[in-house]
Amino acid sequence: MKWVVSFFLLFLLNFSDSRTMHKNAYGIDSILDSSPCSSGTNLVGLATIFFAQSVQGATYEEVSQMVKDVLTIIEKPTGSKQPAGCLENQVSAFLEEICREKEIPEKYGLSDCCSRTGEERHDCFLAHKKAAPASIPPFPVLEPVTSCKSYKENRELFINRYIYEIARRHPVLYAPTILSVANQYNKIIPHCCKAENATECFETKVTSITKELRESSLLNQHICAVMGKFGPRTFRAITVTKVSQKFPKANFTEIQKLVMDVAHIHEECCKGNVLECLQDGERVMSYICSQQDILSRQIAECCKLPTTLELGHCIIHAENDDKPEGLSPNVNRFLGDRDFNQLSSRDKDLSMARFTYEYSRRHTKLAVPIILRVAKGYQELLEKCSQSENPSECQDKGEEELEKYIQESQALAKRSCGLFQKLGEYYLQNAFLVAYTKKAPQLTSPELMALTRKMANAGAICCHLSEDKQLACGEGVADLIIGHLCIRHEENPINPGVDQCCTSSYSNRRPCFSSLVVDETYVPPPFSDDKFIFHKDLCQVQGVPLQTMKQQFLINLVKQKPQITEEQLETVVADFSGLLEKCCQSQEQEVCFTEEGPALISKTRAALGV
């Protein structure tokens, strides 16, 4: 499962102090420089992405005009020492272009943002981005004859329009990913236009691109939401874990350097600073390739690729390198005789970063949240042992207990895969449906179905892997699914239990949701017979439509009585299945449902006490 779609990202530049830090708190030099220039980059494409993501409802013509106007400013010589293409604050210039005339802000509901200045204006525009606005129609279907003709007449215009269509539908998607996908699209158009069956060629090729877009967009939303909710400290811990697993042979100083810059790049990406993120990502990738001898043997082929976009994609998806030889299996007595509680806040953070590095490079196949749970447990252990009479003995005993975090996740993975093998994907989804309707009955039926479909699909993917990969796969997918449930909660609060799980601790989100049982604050709606009356149309549908109808019934039932026991549920489902079988075999199907249905509803209400 992809965790970080790219180390290189978006394109606005230099929002006030974004380039001022070239060393971290421990004096480690940054790989990045402070050049605010845009020479050699696809500024038209980047500016199109920015305006389409910031003003999602704008037409292509409106976006193109804003691009033209702002590039005139950027590419004009300033008269200072900076050459054309250099601008100290490109973010401000781009936002000013949107706000320059009243027509665009008023037309698209951005007047409030334009009434603000500086970072407040920037934050307002970011808050207006919507993942799936109802005002934007579905992605236009590619019609081979028209598309091939348009591409041949003006290739640059055709591709830039494609960039616009992607960006407005995916407002948090990193610009380099959009440019990379547009580059893939640019390659398949001439190929498919010459194909014997152009329609089939386009359908096949575009499907894979669409899948990549969807996954990347969801991932970028997740990353930015985690950074926004839990702050830079948590995000740096995530990055330490991931980079240490990717490059376990690298020393701690090298990891610190990469973590500092990668975290900075993601921060700029999530702000929408496209040019800086794009250029900084290229610099980081170039640096990684220049240091491959000390970082990883797995990236040699990646570093031979012709473009930075291809190179970056390859490095991110490369296998983690092998652990160094002679590395002890455990991180025992990490602090030696030092008293953790006597350390300064800075030294505590540094010590925990080093522990996370050492633990991650020894456990390159564990999911990031599991390692962070171990690190959190280790810090709690150190704090507790500092108060004991024999800190060293306390620490030795406590380190064995850290395995419980791995064992809990292993037990869950084993149990989930056991259910998948026993039930199959559809019935596994039904089990998740019951559980999550109890945890979050405020979610709509489509939301519950979509959520649990992803969970069941994760079982289908992860449970077919080798046992040593199932755990990381399952935890990784669960982290993303729960992350998007938390984004939904942020937009429209669900209930106190969900809020507690989403906000208290990033690393503990999945265990928190696993421990939720029933939302005790939920008050079921008055019972409605209409939700439980069946008609003969149920006898005429098959496959997915029939499964969906049954799942809707299941959701309605649990929402009516969230405390329903497994035995009660099995009885009610069996009774209604019997009704379906009886009436669908009857010559008078509708009459059967009309006569038998109400009696069964009464029986069910009495049994459940609703």
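All residue numbers here begin at 1 and follow the chain in the order shown.
Placed from the backbone N, Cα and C atoms, the Cβ positions cover glycine too.
As given in Swiss-Prot:
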- 1-18: signal peptide (SIGNAL)
- 19-210: domain 'Albumin 1' (DOMAIN)
- H22: Cu(2+) binding site (BINDING)
- C99-C114: disulfide bond (DISULFID)
- S111: phosphoserine (MOD_RES)
- C113-C124: disulfide bond (DISULFID)
- S115: phosphoserine (MOD_RES)
- N197: N-linked glycosylation site (CARBOHYD)
- 211-403: domain 'Albumin 2' (DOMAIN)
- C224-C270: disulfide bond (DISULFID)
- N251: N-linked glycosylation site (CARBOHYD)
- C269-C277: disulfide bond (DISULFID)
- C289-C303: disulfide bond (DISULFID)
- C302-C314: disulfide bond (DISULFID)
- S345: phosphoserine (MOD_RES)
- C385-C394: disulfide bond (DISULFID)
- 404-602: domain 'Albumin 3' (DOMAIN)
- C417-C463: disulfide bond (DISULFID)
- S445: phosphoserine (MOD_RES)
- C462-C473: disulfide bond (DISULFID)
- C486-C502: disulfide bond (DISULFID)
- C501-C512: disulfide bond (DISULFID)
- C539-C584: disulfide bond (DISULFID)
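In the three-state DSSP reading, C463 (disulfide bond) counts as coil.
Counting only same-chain residues six or more apart in sequence, the Cβ atoms lying under 8 angstroms from the Cβ of C224 (disulfide bond) belong to V172, H266, C269, C270. Remark: C124 (disulfide bond) has D112, C113, R116 as non-local neighbours, by Cβ distance under 8 Å and separation of at least 6 in sequence. Secondary structure from DSSP puts S115 (phosphoserine) in coil. When the Cα of S445 (phosphoserine) is compared against those of the recorded positions C114, N251, C289, C486, the shortest separation belongs to C486. A straight line from the CA of C539 (disulfide bond) to the CA of C502 (disulfide bond) spans 42 Å. For S111 (phosphoserine), the nearest of the recorded positions S345, C462, C486 in terms of C-alpha separation is C486. Nearest Cα neighbour of S345 (phosphoserine) among the listed recorded positions (N197, C463, C502): C502. Ranking the recorded positions S115, N197, N251, S345, S445 by how many Cβ atoms sit within 10 Å of each one's Cβ puts S445 at the top.
Each residue contributes its Cα atom, and for C302 (disulfide bond) and C473 (disulfide bond) those atoms are 24 Å apart. Take the Cα of C114 (disulfide bond) and measure to each of the recorded positions N197, C303, C394, C417, C462: the nearest one is C303. The recorded positions shown are S115, C303, C385, C512; of these, the one with its CA atom nearest the CA of C502 (disulfide bond) is C512. Averaged over the domain 'Albumin 3' (404-602), the predicted model has a pLDDT of 91.
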